[in-house]
Amino acid sequence: MFNPQPPIAGSAPASWHQQLVPQEWARFTADDHRVWDRLYKRQLPYLGDRIVRPFLDGLEGLGLGDGGIPELEALSDRLEAMTGWRLVSVAGIVPDHAFFDMLADRHFPIGNFIRSTDSLDYLEEPDCFHDIFGHVPMLTNRHVARLMEAMGRLGGSAIAAGHGEQVSRLYWHSVEFGLARESGEVKILGAGLASSFGEAHFALEADVPRPRFTLPDAAGTPYRNDCFQPLYFVSDSLEGVATELESVDLDALMALSNQASLGRRGL
Ligand SMILES: [Fe+2]
């Protein structure tokens with residue numbers, strides 16, 4: 001879960017462990033599990049082959065379609081055996097510094113609630129369907145696992161230096177609302193698209209720009225969090241993005257951002 005707002009100036013980073021709450025899986029009602037099943041059964045055919053292969057492999061490998069909201073500890077054990085990532089339960093949006101610190105430690109936060117049956121397509125904040133269905137399958141991919149850890153480390157240092165927004169943009173334009181090229185075809189990559197009924201098709205079909213993802217351009221391009229995106233970056237290679245992210249520090253990123261070929265877009 002990611003809060004796309006700048007951190008409060010001067011706020012002291014606290015250990016991300018302070019954000020954790022028990023999932024209390026037994027608290028979920030039969031209606032809650034039915035909401036999960038409805039969303040899952042609707043989304044998978046909707047995505048079809050428009051989503052990158054690692055997502056589909058991850059869904060299958062983790063058994064996410066077994067029915068009902070997954071129990072987090074068991075799911076986390078399966079994920080850890082694959083890429084070393086673990087899932088932790090949170091009650092809502094996590095402050096940016098804690099969020100990036102979690103990623104740097106290979107932990108991903110999962111909301112301990114699910115949307116109600118009468119608001120399947122409207123979310124005030126990301127719930128466990130978005131967090132699990134959208135994000136967790138990709139965390140089974142070793143390149144995404146590296147990419148996310150590198151993003152966390154970069155985010156932590158960026159916030160400390162007052163430049164968290166640039167790394168938030170990188171995250172937004174790849175992990176949340178990015179596309180990726182796979183065998184010559186542009187496919188859905190980001191969790192915000194994978195878990196959305198509507199924007200996943202829009203991102204591929206609408207008459208909007210789909211520039212190639214580069215660190216400078218993505219870091220230099222603002223995003224919207226109140227409507228469909230006005231553009232979608234396309235990553236050429238998850239391995240390439242991971243390697244590039246691992247190789248840059250904050251100073252290098254800032255220097256690159258200032259030379260962005262797209263320039264600063266006012267969205
Ligand atoms: Fe997300």
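Placement of Cβ uses the backbone N, Cα and C atoms for every residue, glycine included.
Among the features that TrEMBL reports, Fe cation binding site is placed at H130, H135, E176. Per TrEMBL, domain 'Biopterin-dependent aromatic amino acid hydroxylase family profile' is recorded for 1-267.
Candidate binding-site residues: H130, H135. Fewest other C-beta atoms within 10 angstroms, H130. Using a 10 Å Cβ-Cβ cutoff, E176 (Fe cation binding site) registers 24 neighbours. When secondary structure is read from DSSP and collapsed to three states, E176 (Fe cation binding site) falls in the helix class.
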